[in-house]
């Protein structure tokens, strides 16, 4: 019997990939295409939504051709995407009226402040789960309607559609302007992506009418909200995946949770990418943070209650190593930072606080700026390299501590993924400073795997969450080796270093 596969479309910040997974969760093939990063002004980041759609088609076609398989060999397709990135397009032409505004973009800081008013960035957090800053999609839609000529009028007439990248891809995959087999294209999103807009009520999982009015966003623009795992219809009757059912849609960090099999209350994962993104499964009820975290939907299976999560994001992770390499030119390449860090016995009293654009969760100090603290003539570039890696671990502990406090759940192990998890020094130090096991899976492509798991589970390719957990394999586990006194001293010194960075920038904008 011919082997069957599940396809995952992984649309990220820098590239679009199609990965075909076997039944055992292993990767059969990968096709990847990068897209342009557009920086029109300081703090602005845009993508060409048409380029992303074209790259999606190319990646799917190349992956299918690489294995020389047909649509009959693909059971289902799942989609995972960069969250919050916002596309607004004309439903009559299929053309975006402006470039996609990327999640990193900070142009909406003023809009967010305007919305926050005297109540501050937490004004609607008990409804939406998110803070009012430049991250969520809602203020990005507002900016487009306020600044693109004719946009407001078209929106009021019902001619414009909004979507995060998942919605944009789904609309095109199901026919776009022409629809498919007499059906209009699908204009939908899933609960995880909708929870990043600042427009959805986390408890009802519906668009909040009062918030839409407050942001002056016509509800006719907004997609239908559906569970993450279920029947999203089939791909249009042309192209490399023609007729294949779309069965799973998840935002990238939630997909990584699903790929890490974080299905139980108290399961946590941290993704070490450009930034750091930690999520903690909090079960069937949303937990509201008193410690600077946001509340989000983790996933929802069709005909079941949603599962919620707490999330903390840190702006600088792997990008710190890039900064050492490209800006300071202290290291020849990214992998060399590990050997440099291991070449010294300790950090030499040096602490690096990477508050380049303020501090994110859980401190949320937009006034902070980066600093290197504790320098003496003894310190050298190896100490600085070590301090950079240690900063990543300290920031992770801050988020983890906040999660434990907010949830009341003890975290017995931290599952990790992302490019930096291959750095063994960092992983051991991470385990030491949080005094908890750190677990790296064999397959670190957990984001795409999560989309595949979601789609395959819905299609019956896998029978249950338990089956997925049983086939999940561990590559390595790090256990704490550091003594309690040393751990306390290091973390105390880190906190002193961080406090030195406060009140530097006069602007009160939220970091983004």
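Numbers here mean position along the shown chain, with the first residue as 1.
Placement of Cβ uses the backbone N, Cα and C atoms for every residue, glycine included.
Site annotation for glycerol in Swiss-Prot covers 83, 84, 252, 253, and the matching candidate from 5, 135, 308, 351 is 135.
Among the candidates 175, 176, 179, 419, the one that Swiss-Prot lists alongside 13, 14, 15, 274, 318, 322 as binding ATP is 419. Scoring each of the binding-site residues (84, 252) by how many neighbouring Cβ atoms lie within 10 Å, the top position goes to 252. Sorting the binding-site residues 17, 83 by the number of other Cβ atoms within 10 Å puts 83 first. Those same-chain residues not listed among 83, 84, 135, 252, 253 yet with C-beta within 8 angstroms of the centroid of the glycerol site C-beta atoms are 82, 85, 103, 196, 251, 277. The binding-site residues shown are 135, 252, 253, 423; of these, the one with its CA atom nearest the CA of residue 13 (ATP binding site) is 252. Burial estimate for the binding-site residues (322, 423): highest at 423, by number of other CB atoms within 10 Å. By a simple count of nearby Cβ atoms, those within 10 Å, the most crowded of the binding-site residues 318, 419 is 318. For residue 14 (ATP binding site), other Cβ atoms within 10 Å of its Cβ number 12.
Within the same chain, the residues at least 6 positions away from residue 253 (glycerol binding site) whose Cβ sits under 8 Å from its Cβ are 83, 271, 277, 279, 311, 447, listed in sequence order.
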